[in-house]
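Asker: Quick paste of what TrEMBL says about this protein:
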| type | residues | note |
| --- | --- | --- |
| ACT_SITE | HIS64 | active site, proton acceptor |
| BINDING | CYS72, CYS75, CYS96, CYS101 | Zn(2+) binding site |
| DOMAIN | 1-196 | domain 'Deacetylase sirtuin-type' |
Amino acid sequence: MMDPRPFFALAQDLYPGVNYKPNVVHHFLRLLYEEEKLQMVYTQNIDGLERLAGIPDTKLMEAHGTFATASCTLCGKMHNSNKVKQAIIEGDIPMCEATNCKGKVKPDIVFFGENLPPSFWDYHQHIHFTDLLLIIGTSLEVYPFAGIADAVGTQTPRVLINLNAVGSLGRRTTDVILTGDLEESVHSLVRELGWEEKLKALEKVYESKQINEE
(Lines of atoms letter the chains of each structure in order from A; the text may use other names.)
(Lines give C-alpha, C1' and ligand atoms only; values in the text may rest on other atoms or scores of the structure.)
Protein backbone atom coordinates (compact mmCIF):
# COMPACT_ATOMS: atom_id res chain seq x y z
CA MET A 1 0.00 0.00 0.00
CA MET A 2 2.89 2.37 0.74
CA ASP A 3 5.03 1.51 -2.28
CA PRO A 4 3.18 -0.34 -5.06
CA ARG A 5 6.02 -0.05 -7.58
CA PRO A 6 7.51 -3.55 -7.06
CA PHE A 7 4.16 -5.23 -7.68
CA PHE A 8 3.31 -3.16 -10.73
CA ALA A 9 6.77 -3.79 -12.20
CA LEU A 10 6.11 -7.52 -11.79
CA ALA A 11 2.60 -7.18 -13.22
CA GLN A 12 4.00 -5.36 -16.24
CA ASP A 13 6.17 -8.39 -16.98
CA LEU A 14 3.58 -11.05 -16.19
CA TYR A 15 0.52 -9.71 -18.00
CA PRO A 16 -0.93 -12.57 -20.07
CA GLY A 17 -0.05 -12.39 -23.74
CA VAL A 18 2.63 -9.71 -23.34
CA ASN A 19 5.82 -11.68 -22.69
CA TYR A 20 4.47 -15.19 -22.21
CA LYS A 21 2.30 -17.39 -24.41
CA PRO A 22 0.51 -20.70 -23.80
CA ASN A 23 2.66 -23.75 -24.44
CA VAL A 24 1.79 -27.32 -25.37
CA VAL A 25 0.69 -28.10 -21.80
CA HIS A 26 -1.94 -25.34 -21.86
CA HIS A 27 -3.14 -26.41 -25.30
CA PHE A 28 -3.35 -30.01 -24.06
CA LEU A 29 -5.73 -28.89 -21.32
CA ARG A 30 -7.81 -27.10 -23.94
CA LEU A 31 -7.82 -30.30 -25.98
CA LEU A 32 -9.13 -32.26 -22.99
CA TYR A 33 -11.95 -29.73 -22.83
CA GLU A 34 -12.68 -30.10 -26.55
CA GLU A 35 -12.80 -33.88 -26.09
CA GLU A 36 -15.29 -33.42 -23.21
CA LYS A 37 -12.92 -35.02 -20.73
CA LEU A 38 -12.17 -31.98 -18.59
CA GLN A 39 -14.08 -31.54 -15.36
CA MET A 40 -12.11 -28.60 -13.94
CA VAL A 41 -8.67 -26.98 -14.05
CA TYR A 42 -7.39 -25.86 -10.67
CA THR A 43 -4.33 -23.67 -11.08
CA GLN A 44 -1.97 -21.75 -8.83
CA ASN A 45 -0.65 -19.79 -11.81
CA ILE A 46 -1.49 -16.11 -12.08
CA ASP A 47 -0.19 -15.71 -15.63
CA GLY A 48 -3.59 -16.44 -17.18
CA LEU A 49 -2.17 -18.76 -19.82
CA GLU A 50 -4.87 -21.38 -19.27
CA ARG A 51 -7.44 -18.70 -20.02
CA LEU A 52 -5.51 -17.56 -23.11
CA ALA A 53 -5.41 -21.14 -24.36
CA GLY A 54 -9.20 -21.12 -24.34
CA ILE A 55 -10.20 -22.83 -21.10
CA PRO A 56 -13.62 -21.29 -20.32
CA ASP A 57 -14.45 -19.71 -16.96
CA THR A 58 -16.80 -22.56 -16.13
CA LYS A 59 -13.86 -25.01 -16.22
CA LEU A 60 -11.24 -22.83 -14.58
CA MET A 61 -10.43 -22.13 -10.94
CA GLU A 62 -7.58 -19.63 -10.65
CA ALA A 63 -6.94 -20.16 -6.95
CA HIS A 64 -4.37 -17.39 -6.61
CA GLY A 65 -6.28 -14.84 -8.61
CA THR A 66 -6.35 -13.52 -12.14
CA PHE A 67 -5.37 -10.61 -14.36
CA ALA A 68 -8.76 -10.90 -16.10
CA THR A 69 -10.41 -8.59 -13.57
CA ALA A 70 -9.20 -5.61 -11.53
CA SER A 71 -10.49 -3.72 -8.52
CA CYS A 72 -9.63 -0.92 -6.11
CA THR A 73 -7.56 -1.96 -3.10
CA LEU A 74 -9.52 0.45 -0.87
CA CYS A 75 -13.18 0.57 -1.88
CA GLY A 76 -13.30 -2.62 -3.95
CA LYS A 77 -14.82 -0.95 -7.04
CA MET A 78 -14.37 -3.06 -10.16
CA HIS A 79 -12.52 -1.40 -13.03
CA ASN A 80 -12.15 -2.06 -16.73
CA SER A 81 -9.41 -4.70 -16.92
CA ASN A 82 -8.27 -3.58 -20.38
CA LYS A 83 -7.73 0.00 -19.19
CA VAL A 84 -5.85 -1.24 -16.13
CA LYS A 85 -3.69 -3.48 -18.31
CA GLN A 86 -2.85 -0.62 -20.66
CA ALA A 87 -1.90 1.66 -17.79
CA ILE A 88 0.38 -0.92 -16.20
CA ILE A 89 2.06 -1.83 -19.48
CA GLU A 90 2.78 1.87 -20.03
CA GLY A 91 4.39 2.06 -16.58
CA ASP A 92 1.57 3.89 -14.78
CA ILE A 93 -0.12 2.99 -11.49
CA PRO A 94 -3.90 2.95 -12.10
CA MET A 95 -5.93 4.90 -9.56
CA CYS A 96 -9.54 4.37 -8.53
CA GLU A 97 -12.15 6.33 -10.49
CA ALA A 98 -14.70 6.32 -7.65
CA THR A 99 -15.60 9.70 -6.17
CA ASN A 100 -13.45 10.65 -3.17
CA CYS A 101 -11.48 7.40 -3.33
CA LYS A 102 -7.71 7.57 -3.67
CA GLY A 103 -7.12 3.84 -3.77
CA LYS A 104 -4.85 2.08 -6.21
CA VAL A 105 -6.31 -0.40 -8.66
CA LYS A 106 -4.65 -3.78 -9.11
CA PRO A 107 -5.46 -6.97 -10.98
CA ASP A 108 -7.32 -9.39 -8.73
CA ILE A 109 -4.25 -11.38 -7.74
CA VAL A 110 -4.30 -13.06 -4.32
CA PHE A 111 -1.48 -11.70 -2.17
CA PHE A 112 0.19 -13.58 0.67
CA GLY A 113 -2.14 -13.57 3.66
CA GLU A 114 -5.27 -12.97 1.58
CA ASN A 115 -8.07 -15.53 1.36
CA LEU A 116 -8.49 -17.82 -1.61
CA PRO A 117 -11.71 -17.40 -3.61
CA PRO A 118 -14.64 -19.10 -1.85
CA SER A 119 -15.28 -21.23 -4.95
CA PHE A 120 -11.85 -22.86 -4.48
CA TRP A 121 -13.34 -25.06 -1.79
CA ASP A 122 -15.78 -26.52 -4.31
CA TYR A 123 -13.11 -29.12 -4.99
CA HIS A 124 -14.55 -31.07 -2.06
CA GLN A 125 -17.59 -31.68 -4.26
CA HIS A 126 -15.70 -32.15 -7.53
CA ILE A 127 -13.53 -34.98 -6.23
CA HIS A 128 -16.58 -37.23 -5.90
CA PHE A 129 -17.04 -37.10 -9.69
CA THR A 130 -13.36 -37.31 -10.65
CA ASP A 131 -12.39 -40.32 -12.78
CA LEU A 132 -8.74 -39.33 -13.04
CA LEU A 133 -6.61 -36.54 -11.56
CA LEU A 134 -3.87 -34.91 -13.64
CA ILE A 135 -1.19 -33.07 -11.63
CA ILE A 136 1.11 -31.04 -13.84
CA GLY A 137 4.13 -28.86 -13.06
CA THR A 138 4.02 -28.31 -9.30
CA SER A 139 6.02 -28.76 -6.12
CA LEU A 140 2.87 -29.67 -4.14
CA GLU A 141 4.24 -27.64 -1.23
CA VAL A 142 1.74 -24.77 -1.03
CA TYR A 143 -1.37 -25.49 1.02
CA PRO A 144 -4.32 -25.59 0.96
CA PHE A 145 -3.95 -25.99 -2.81
CA ALA A 146 -1.69 -29.03 -2.56
CA GLY A 147 -4.34 -30.80 -0.50
CA ILE A 148 -6.38 -31.47 -3.64
CA ALA A 149 -3.90 -34.18 -4.65
CA ASP A 150 -4.66 -36.26 -1.55
CA ALA A 151 -8.38 -35.47 -1.42
CA VAL A 152 -9.44 -37.75 -4.29
CA GLY A 153 -10.45 -41.30 -3.45
CA THR A 154 -7.73 -43.89 -3.02
CA GLN A 155 -9.00 -45.80 -6.07
CA THR A 156 -8.97 -42.72 -8.30
CA PRO A 157 -5.95 -42.79 -10.63
CA ARG A 158 -3.55 -39.89 -10.14
CA VAL A 159 -1.15 -39.02 -12.97
CA LEU A 160 1.79 -36.76 -12.14
CA ILE A 161 3.50 -35.02 -15.06
CA ASN A 162 6.40 -33.22 -13.44
CA LEU A 163 10.15 -32.75 -13.47
CA ASN A 164 10.41 -34.84 -10.29
CA ALA A 165 8.17 -36.95 -8.09
CA VAL A 166 6.50 -34.81 -5.41
CA GLY A 167 4.08 -35.08 -2.53
CA SER A 168 2.49 -38.45 -1.85
CA LEU A 169 2.48 -39.46 -5.52
CA GLY A 170 3.73 -43.01 -5.89
CA ARG A 171 2.29 -44.28 -2.62
CA ARG A 172 -0.92 -45.56 -4.19
CA THR A 173 -1.10 -48.52 -6.56
CA THR A 174 -3.18 -46.41 -8.96
CA ASP A 175 -0.57 -43.62 -9.22
CA VAL A 176 1.31 -42.99 -12.47
CA ILE A 177 4.40 -40.76 -12.49
CA LEU A 178 5.84 -39.25 -15.67
CA THR A 179 9.02 -37.38 -14.77
CA GLY A 180 11.19 -35.20 -16.97
CA ASP A 181 10.48 -32.24 -19.24
CA LEU A 182 6.80 -31.28 -19.10
CA GLU A 183 6.39 -30.54 -22.78
CA GLU A 184 8.12 -33.75 -23.85
CA SER A 185 5.94 -35.78 -21.48
CA VAL A 186 2.76 -34.17 -22.79
CA HIS A 187 3.83 -34.71 -26.41
CA SER A 188 4.41 -38.39 -25.63
CA LEU A 189 1.01 -38.68 -23.98
CA VAL A 190 -0.69 -36.97 -26.93
CA ARG A 191 0.99 -39.41 -29.34
CA GLU A 192 -0.26 -42.38 -27.31
CA LEU A 193 -3.78 -40.91 -27.39
CA GLY A 194 -3.62 -40.36 -31.14
CA TRP A 195 -4.38 -36.68 -30.71
CA GLU A 196 -1.34 -35.16 -32.43
CA GLU A 197 -3.24 -33.61 -35.32
CA LYS A 198 -5.94 -32.27 -33.01
CA LEU A 199 -3.32 -30.62 -30.81
CA LYS A 200 -1.56 -29.07 -33.80
CA ALA A 201 -4.88 -27.72 -35.04
CA LEU A 202 -5.56 -26.02 -31.70
CA GLU A 203 -2.08 -24.49 -31.68
CA LYS A 204 -2.62 -23.13 -35.19
CA VAL A 205 -5.98 -21.62 -34.22
CA TYR A 206 -4.32 -19.82 -31.30
CA GLU A 207 -1.45 -18.55 -33.47
CA SER A 208 -3.85 -17.28 -36.12
CA LYS A 209 -5.89 -15.47 -33.49
CA GLN A 210 -2.76 -13.78 -32.14
CA ILE A 211 -1.73 -12.63 -35.61
CA ASN A 212 -5.19 -11.18 -36.28
CA GLU A 213 -5.18 -9.33 -32.97
CA GLU A 214 -1.76 -7.84 -33.65
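The count begins at 1 with the first shown residue.
Heads up, the Cβ atoms here are built off N, Cα and C, so glycines get one too.
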Asker: Counting only residues 6+ away in sequence within the same chain, which have a CB under 8 Å from the CB of HIS64 (active site, proton acceptor)?
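Answerer: Set apart from HIS64 (active site, proton acceptor) by at least 6 residues yet with Cβ under 8 Å, we have THR43, GLN44, ASN45, ILE46, ILE109, VAL110, LEU116, PHE145.
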Asker: Give me the sequence-ordered set of same-chain residues, not including CYS72, CYS75, CYS96, CYS101, with a C-beta within 8 angstroms of the centroid of the Zn(2+) site's C-beta atoms.
Answerer: THR73, LEU74, GLY76, LYS77, GLU97, ALA98, LYS102, GLY103, VAL105
Asker: Are there residues of the same chain, six or more positions away from CYS101 (Zn(2+) binding site), whose CB falls under 8 angstroms from its CB, and which are they?
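Answerer: Sequence-distant Cβ neighbours: CYS72, LEU74, CYS75, LYS77.
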Asker: Show which residues of the chain containing CYS96 (Zn(2+) binding site), separated from it by at least 6 in sequence, have their CB under 8 Å from its CB.
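Answerer: Result: CYS72, LEU74, CYS75, LYS77, HIS79, LYS102, GLY103, LYS104, VAL105.
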Asker: Please compute the mean pLDDT of the model over the domain 'Deacetylase sirtuin-type' (1-196).
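Answerer: Across the residues of the domain 'Deacetylase sirtuin-type' (1-196) the model's pLDDT averages 92 on the 0 to 100 scale.
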Asker: At a 10 A cut-off on CB-CB distances, which of the binding-site residues CYS72, CYS75 has the highest count?
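Answerer: Ranked by Cβ atoms within 10 Å, first place goes to CYS72.
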